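K.L.:
So that we are looking at the same thing, I have put the structure below in structure tokens.
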Amino acid sequence: MPAPDDVYKHDVDFTTLALQYPDFAKKLKSNRQLDFSDPESVRQLTKTLLHRDFDIAIDLPEDRLCPPVPNRFNYILFIQRLLDCTSPDFRDGYNPDRQVIGLDVGTGASAIYPLLACQQRPKWLFLATEIDDKSRMYAEKNIATNMLQSRIRLLSTDITGAELIPSKQLERFDRIDILTTNPPFYESQESMLESSRSKSRPANSSCTGAPVEMITPGGEVSFVSRLIDESTLSTNRTRIQWFSAMLGKLSSVGFVVETLRQKRCTNFAVTEFIQGQKTRRWCVAWSWFGFRPSSAVARSVGSGVEKKFLPPPTDIEFDVHADMATLEIRTGEEIGKLDVLWKYVPARRAGMLMSKGGDVWSRKARRRRVHQDHEMADRDDDHEKDEKDEEQEPALVARITLSAAVVVDSRVAGSAKTNVHIRHLQGQDSVLFESFCGWLKRKIS
Ligand code: SAH
């Protein structure tokens, strides 16, 4: 049974945990608290939570990173939501039949991301890389202990660490849905020590980390910049739908988003991990595909992240003074005038719109269209144009959903209101989406 998403909404109750797990009970202090400065206690907590909440058994070496479970679970929840709202069939929500393939770069001794992801979602598969021999050995063992060898595979990778994405190894997979990574955070031994000194107690994830796990030249921003660079290579950008990385510093979020923008990436998501967190962590995900996540997933941050670092909204809503039936007709009529594909399902009060070529609604676009039609009549290369169209990703796919809006006083005649929700599902250009929403609002209001 998968654990509920909010399993760490409240602090873990150590007393209850101790009653169920004698090994954990031995680590509790007389005041029923845990000594977070003791690596063995922290390891025991991780093992116990993995077992109680996910039915996962792991063994961890003393000299490697001990992953805090709530934090790692938050990352898994984020990628679940991200994939659930960007599936190529535009289905919204968890599809238990969808086979997802993940790739975890630097899986560590625990292999915690692949284990959690596969345990929570029975159809998912994971590939993983790890350059540290000792961690690799433990990861293999942990995968086997949980009988997940058929669903999680360690790939060989360049052990110098020069390459983050093992592109050659990925060639036999048509598509990877998500890449996850938890980069080494620190630039140097000094910055690592300094960070733990400045905290009131050591972050429980860092107390047992080996240098290869914790330190990378240039810190996490340099690691993620390398990942962004590798993600732009055509073999990676067309094979892997989402790239993502956890970040340990708020300042890294802005840096990573700016780097993505410089590379002209328009489709990204920023989130902050909240549930059960003692230390703040963020995650940025980006894609070169056009499937766009909902605003709730792509812009879910606390007050720390500045608005300017968030992607543009993909959900726009407004109320129209009209009853549902009138609005259904009006919307159908207006969209029917456009050169777009449009399918409305009355039972769901929702329709899907696809514009292959982009803006066909503005006055300018309509003038251009008339001009082109005249030109076309003189030429005979229609066929060629159609073929080209087929290869291209549509410029805009949106779902329009109508629902009864809350009306303050329903006794007043003519006070019916309908809510229009437009969701940007696919397309690289958010200005195009906004322009469409603006046009529709003017036409049907
Ligand atoms: N994913 C684990 C471990 C994260 S620590 C967790 O979240 O707990 C970072 C890991 O990345 C370390 O195990 C380190 O050995 C590994 N690593 C560093 N550079 C790498 C590279 N280029 N390719 C693969 N793994 C790498």
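The chain as shown is numbered from 1 upward.
Cβ atoms here come from the backbone N, Cα and C positions, even for glycine.
Features from TrEMBL:
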BINDING   ARG72, GLY106, GLU130, ASN182  S-adenosyl-L-methionine binding site
COMPBIAS  372-386  compositional bias 'Basic and acidic residues'
REGION    190-210  region 'Disordered'
REGION    364-394  region 'Disordered'
K.L.:
Inside 8 A of the center formed by the CB atoms of ARG72, GLY106, GLU130, ASN182, which other residues of the chain have their CB, for the recorded S-adenosyl-L-methionine site?
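P.N.:
In sequence order, the nearby non-listed residues are PRO67, ASP104, VAL105, THR107, GLY108, SER110, ILE112, TYR113, THR180, THR181.
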K.L.:
Using a 10 Å cut-off, grab the number of neighbouring Cβ atoms around the Cβ of GLU130 (S-adenosyl-L-methionine binding site), all chains included.
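P.N.:
For GLU130 (S-adenosyl-L-methionine binding site), the 10 Å Cβ neighbour count is 26.
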K.L.:
Mind telling me which of the binding-site residues ARG72, GLY106, ASN182 has the densest Cβ neighbourhood, counting other Cβ atoms within 10 Å?
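P.N.:
Counting Cβ neighbours within 10 Å, the top one is ASN182.
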